[in-house]
Amino acid sequence: MKGVYFLASFLFLALASSFASASDPSPLQDFCVALNDTKNAVFVNGKFCKDPMLAKAEDFFFSGLNVPGNTSNQLGSKVTPVNVEQIPGLNTLGVSLARVDFAPYGGLNPPHTHPRATEILVVLEGTLYVGFVTSNPDNRLITKVLYPGDVFVFPVGLIHFQLNIGKTNAVAFAAFGSQNPGVITIAKAVFGSNPPINPDVLTKAFQLDKNVVKYLQSQFWWDNN
């Protein structure tokens, strides 16, 4: 199993590196408002850089992806990210990684998007039903059942998901073509935004009764971190 983990990590980093050079540089946060007065605080597109002479091994190191994530939650899944927030040395390198753990019988990484990165995922343990939806107007659902050793790609920005359909725990590693791919969980963003979206908007958009919309908002408001 150690050999599989090593191979998966090596494959992901190699492929994610190719993603980084395959297109123009992308924004590394949701927006970057221009400033004419540099006396004000400046937030650059990425991170400020340390003097290279002060760099040390710890700037390029993370430990813990061998530790299973706690899936004792409503979704039955846990994502352990390894991006520029965990490894400062990833700044400007255009790659990042994540471990995803799934509980048996329906552990779910719910429909979400990564606005700044393509994702490539490999299954190490278990059986996952995965898929993504293409953009308008077709909105085609493309799905596949994955087994250990299988690899699947989720194109940048498209809504996608992973569901454990097996009777045992499942583990997958994902690589991204960005130091900060970002994540937008669809249900939480729509029904758990802060402040809440006006129910009239969601009632018409989803063609639901307003009471149903308010109920859904109440279900997501508790986890608005």
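Using the three backbone atoms N, Cα and C, a Cβ is placed for every residue, glycine included.
The signal peptide annotation in TrEMBL covers 1-22.
The disulfide bond annotation in TrEMBL covers Cys32-Cys49. Its Cβ placed at the centre, Cys49 (disulfide bond) has 11 other Cβ atoms within 10 Å.
The annotation domain 'Cupin type-1' is assigned in TrEMBL to 63-214.
Annotation comment: TrEMBL describes Asn109, His114, Glu119 as oxalate binding site. Around Asn109 (oxalate binding site), the same-chain residues six or more apart in sequence whose CB sits under 8 Å from its CB are Leu75, Ser77, Val79, Val100, Phe102, Phe161, Gln162, Leu163, listed in sequence order.
Annotated Mn(2+) binding site per TrEMBL: His112, His114, Glu119, His160, in sequence order.
In the predicted model, the domain 'Cupin type-1' (63-214) has a mean pLDDT of 96. A sphere of 10 angstroms centred on the C-beta of His112 (Mn(2+) binding site) encloses 19 other C-beta atoms.
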